[in-house]
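Trainee: Sharing a structure with you now.
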Amino acid sequence: MREKSERTIYLSDCQSFYASVEKATHPGLDNLPVVVAGDPARRSGIILAACPIAKSFGISTAQRLGEALQLCPDVIVMRPHMQRYIDVSLAITDIYKEYTDLVEVFSIDEQFLDVTGSLNHFRCTSEELASMIQKKVAASMNVRIRVGIGPTKILAKQATDNFAKKNPNGIFTLGKEDVERVLWPLSVDKMYGVGSRMTRHFVALGMTTIGHVAQTPLHLLKQKFRARFGKQSDIQAEVMWRTANGLDDSPVTPGTFNVAPKSIGHGMTLPRDYTTAEEVDIVLLELTEEVCRDARAKGYTSGTVHVFCMCSPYDAPTGFSQQRKMPFATNNTLKVFKSVREIFHRNWNGHPVRKVGVTLGSLDDEEVTQLDLFEDVTKLRKLDSVLDGIKDRFGNTAIIRASSLMKAGLAADRAGKIGGHYK
Ligand SMILES: [Mg+2]
């Protein structure tokens, strides 16, 4: 039974979104295996989406196109049509708004809906309403949605990823009372926000199921995290613990995309005026190390770095405030420092320095696997850059480059070469 104060939240996910949109636009493809690939002309291109028929051949998202062609030589390969996917995503969001005004876009193919107030109005159960919405989206957009239902966003999300996607009717309810019996037995890598790296850490800590994390007293989990990640990991420990317990007070907020902080920054007034480049470099490196460590502890990478500098004279300070996009997202101190140093020396007027600051912006989840990265770059907040990339290069070069570089952890100065390779 639903408690009176309890909310009813959906996380709705579009099945094989890009591939479904391609099929909806090209009716002749209905019964054929279809994939969308970042660069269809190259066997090294990455599969961005595969329809269920393609998946039945063993094809999966983030696979190389060459591998997919081996599994299914007849697979239809489409290039991405991002504008079309955005249009369909917005149209689906509009359909959801017919059922509740509390719709939050989470990614291009996922939305949160708070339907607490809608159930009375439509005089039905939460699963009946989900089924109604599902039918409406299928009929008008030709896209199948799966709906996870829960009293919090984090439970709705985990209901979708772990259960609704596997349920034949595409709907699953994960109530507070089900958490222990249904969610806790799952292996820890099935928990939202836990990627391969975090899985290894949890396993090393002896926590192999979601229940192990949930049942570790929070203060103890913080201690274990501190021992592994340093003292700034308390927040991360608490996020993991709350996720495992399904605790999440955050409301469904129309128009927002994620919960990441906008920036991480540190600045300092110097103990005395620094007059030489060498002195300033040292303090810039310290500041960079501080913000990067902070970002690593919180599990973020950064795409832009901002440097602030105030110089003498005191009565009419000079200086600058400049930011730049880094070649690719990182939280590596030396890679960030390279950009920090370049910004500083390009802009410094040579006057004695009294105050400096370094801020990381464009933060992203570090725990992105290649798959998550694709979803992430297609989030609406990044659509402009995605579209530009596609316009410029006709094939998601930016996406492929970012992911392969992040995966391989190649040095910053090799970026040009990799970029060249994919041109
Ligand atoms: Mg999806």
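Note: Cβ is positioned from N, Cα and C throughout, glycine not excepted.
Remember, TrEMBL labels are computer predictions, not curated facts.
Annotations for this protein, taken from TrEMBL, read as follows:
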ACT_SITE  Glu110  active site
BINDING   Asp13, Asp109  Mg(2+) binding site
DOMAIN    9-195  domain 'UmuC'
SITE      Tyr18  site 'Substrate discrimination'
Trainee: Do any residues at least six apart in sequence from Asp13 (Mg(2+) binding site), in the same chain, have a Cβ closer than 8 Å to its Cβ, and if so which, in order?
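Mentor: Listed in sequence order: Asp109, Glu110, Ile145, Arg146, Val147, Gly148, Thr160, Asp161, Ala164, Lys165.
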Trainee: Within 10 Å of the Cβ of Glu110 (active site), how many other Cβ atoms can you find? Include all protein chains, please.
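Mentor: Other Cβ atoms found within 10 Å: 22.
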Trainee: Around Tyr18 (site 'Substrate discrimination'), how many other CB atoms lie within 10 A of its CB?
Mentor: 29
Trainee: Considering every residue in the domain 'UmuC' (9-195), what is the mean pLDDT value?
Mentor: 93
Trainee: How many neighbouring Cβ atoms, not counting its own, are there within 10 Å of the Cβ of Asp109 (Mg(2+) binding site)?
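Mentor: Taking all protein chains shown, Asp109 (Mg(2+) binding site) has 24 Cβ neighbours within 10 Å.
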